[in-house]
Amino acid sequence: MTLQQEIIQALGAKSYINPEEEIRRSVDFLKAYLKTYPFLKSLVLGISGGQDSTLAGKLSQMAISELREETDDDALQFIAVRLPYGVQADEQDCQDAIAFIKPDRVLTVNIKGAVLASEQALREAGIELSDFVRGNEKARERMKAQYSIAGMTHGVVVGTDHAAEAITGFFTKYGDGGTDINPLHRLNKRQGKQLLAALGCPEHLYKKVPTADLEDDRPSLPDEAALGVTYDNIDDYLEGKTLAPAIAKIIEGWYVKTEHKRRLPITVFDDFWKK
């Protein structure tokens, strides 16, 4: 088995999907988890205005709405959380995503004060954060807020991770990568677009340039610029297509060096890191 085949198998990626079937699969997956643990009453997700959180948010609201109707449990709710750092440049996209999702409840937690306070505390301890590390601080503060909300609402935190993100480890460890349940796992980027199109999402929300937008020195830095490959390259790789060796090498390089992000904390029984 080639490394490409191993990666495709590990991430559950497919070369072709039926969008309607995958929508139903994700919704039923979320419902089944909540039904298994009836003390859980909410799904919590941060909404950024980008493709991934818009899709995960819509699927989460669908799952909650269906389950509430099936069980007559009015306590069930989907909580969409806005988590700006100060003023968000694409705030209108966030509002458009909220309008499309129609969440039961919307909360806004501005993380700037908490991030600055943490940065100042570290500075006083002699640690000056780089812009890149400060970006990770933002991602972790966002996740911290979501877990606090989930803790107070008997909820679980929904993640936006998908195959095209997982393969490159393009997420913050214990930030946006630290979630409870990931309904998009297995899908690549273009397949996520297909699901949103099938759901009637406004095109500008899934055709916009993907960006983590974490760094102050490089605001709205496109994911593809940070990775050195395009999402079309990554999706083609995940669909089993043959890529130029130089492109495949970049993708596989990201996969190998970010393996630790896709695992639980390393123990004496792990040996993947010895490769």
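Cβ atoms here come from the backbone N, Cα and C positions, even for glycine.
There are 20 other Cβ atoms within 10 Å of the Cβ belonging to T211 (ATP binding site). Annotation source Swiss-Prot lists ATP binding site at G46, I47, S48, G49, G50, Q51, D52, S53, T160, K189, T211.
The annotation Mg(2+) binding site is assigned in Swiss-Prot to D52, E165 on the grounds of sequence analysis. Counting Cβ atoms from all protein chains shown, D52 (ATP binding site) has 22 others lying within 10 Å of its own Cβ.
In the structure as shown, the Cβ atom of H260 (deamido-NAD(+) binding site) sits within 10 Å of 14 other Cβ atoms. Feature annotation from Swiss-Prot assigns deamido-NAD(+) binding site to R140, K173, D180, H260, K261; the stated evidence is sequence analysis.
Here T160 (ATP binding site) is positioned 11 angstrom away from D180 (deamido-NAD(+) binding site), judged by their C-alpha atoms. The candidate set comprises the binding-site residues R140, K173, K261. Of these, R140 has the most other Cβ atoms within 10 Å. Taking only the Cα positions, the spacing between S48 (ATP binding site) and R140 (deamido-NAD(+) binding site) is 14 angstrom.
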